[in-house]
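Undergrad: According to TrEMBL, the signal peptide annotation covers 1-18. The annotation domain 'EGF-like' is assigned in TrEMBL to 180-215. Feature annotation from TrEMBL assigns disulfide bond to CYS205-CYS214. Among the features that TrEMBL reports, transmembrane segment is placed at 250-277.
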Amino acid sequence: MIIKLLFLTALAFNLTFADSVESELYRSEENVSPENYFTQNQLSSLENVNKIRAKRKLLEILKNGTMCAHGGTYSNGKCLCVYPFTGPRCVDFACEHGLSVGPRYDPESHFFSRKCICDEHYTGEYCNIPVADQCNDRGEYHNGHCKCHGYYFGPKCQYVGKCVNGKLQQGACECEYGFEGDYCDQIVCHHGYPDKHDPHNKCICPPRHKGRFCDECLDEGEHVLPYPNCTKESVPSHARLSRQTTDEQIMLRILIILAVISILLALVVAMFVMHWARNRFTEAERQEQRQRVDEERKAMLNSVFGHDMGKSYLSNEFDNLMLIDDLK
């Protein structure tokens with residue numbers, strides 16, 4: 001609230017000054033010849049008057065509350081602003097990461113020569129450019145330029161001027177084995193960690209490893225596993241071979257047992273099929289034999305007793321034979 005009051009007071013003072021300057025210009029107009037109509041001071045004062053008139057117009061817009069500045073349109077109770085302007089009356093600048101100076105903006109002012117007051121890590125006319133992106137995190141961005149750190153150089157600190165453990169190729173380092181980083185100055189400890197007293201050149205290796213980069217086995221011998229394990233064999237070689245042979249024998253026995261079981265199952269199935277087929281064949285022969293006997297008896301009885309008598313007797317006899325077969 002206090003800042004707003006100070007701003008309005010300063011603006012009112014500027015308007016009063018503008019009126020006095022205009023009056024002075026009009027009074028001096030009668031005493032100046034046409035070819036020297038304006039002196040240099042008068043031209044400067046006239047420019048100030050034009051700026052103050054523009055501020056006066058903005059103040060009127062703020063007061064009446066019904067107009068939108070800088071080409072904005074009033075619709076449904078609010079202003080639709082044209083980029084890069086924003087705010088309720090389109091008098092502020094669209095600063096993405098910062099504060100707008102609004103109508104106080106003046107390119108020739110010592111305090112309000114920029115449209116936006118940017119946050120710490122952003123730059124650009126509308127505070128939309130991260131400072132880190134300007135210098136690739138390798139320098140500090142000041143007044144439109146990168147101040148590079150260390151051996152970095154270039155408009156955006158994108159190049160390197162020195163390689164500690166490597167070869168410089170077109171502004172970049174090709175590191176030797178065991179080193180990394182932009183300068184090839186960081187040692188790579190394959191097992192272990194960099195020494196805190198000399199973190200760029202020395203590694204602290206674990207008990208099983210050695211070497212500058214901890215990439216060798218500390219112990220060597222027949223029973224030591226090769227890098228990167230570097231551990232001693234827990235079982236001797238002959239014992240390991242014996243155990244391997246035993247495992248193979250057990251597997252062979254299991255395969256033999258499975259083969260025997262498979263053969264037995266196949267035999268059982270074959271016997272069952274043969275028994276079923278034989279029973280089916282025997283039943284067919286039995287039916288055929290019964291039919292043949294029945295026909296012979298029928299013919300004999302017909303010749304002795306006649307057709308009807310033989311048929312009745314044959315039916316009873318056939319039933320008896322069927323009963324006898326069932327009892328069997």
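Every residue, even glycine, has its Cβ placed from backbone N, Cα and C.
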Undergrad: What residues elsewhere in the chain lie close to the domain 'EGF-like' (180-215), defined as a C-beta under 8 angstroms and at least 6 residues from its ends?
TA: 138, 150-152, 160, 162-166, 173-174, 227-228, 230-231
Undergrad: What mean pLDDT does the predicted model reach across the domain 'EGF-like' (180-215)?
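TA: Averaged over the domain 'EGF-like' (180-215), the predicted model reaches a pLDDT of 92.
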Undergrad: In the domain 'EGF-like' (180-215), how many residues does DSSP put in helix, strand and coil?
TA: 0 helix, 9 strand, 27 coil
Undergrad: Far apart in sequence but close in space: which same-chain residues, 6 or more away, have a Cβ under 8 Å from CYS205 (disulfide bond)?
TA: CYS189, HIS191, GLY192, GLY211, CYS214, LEU218
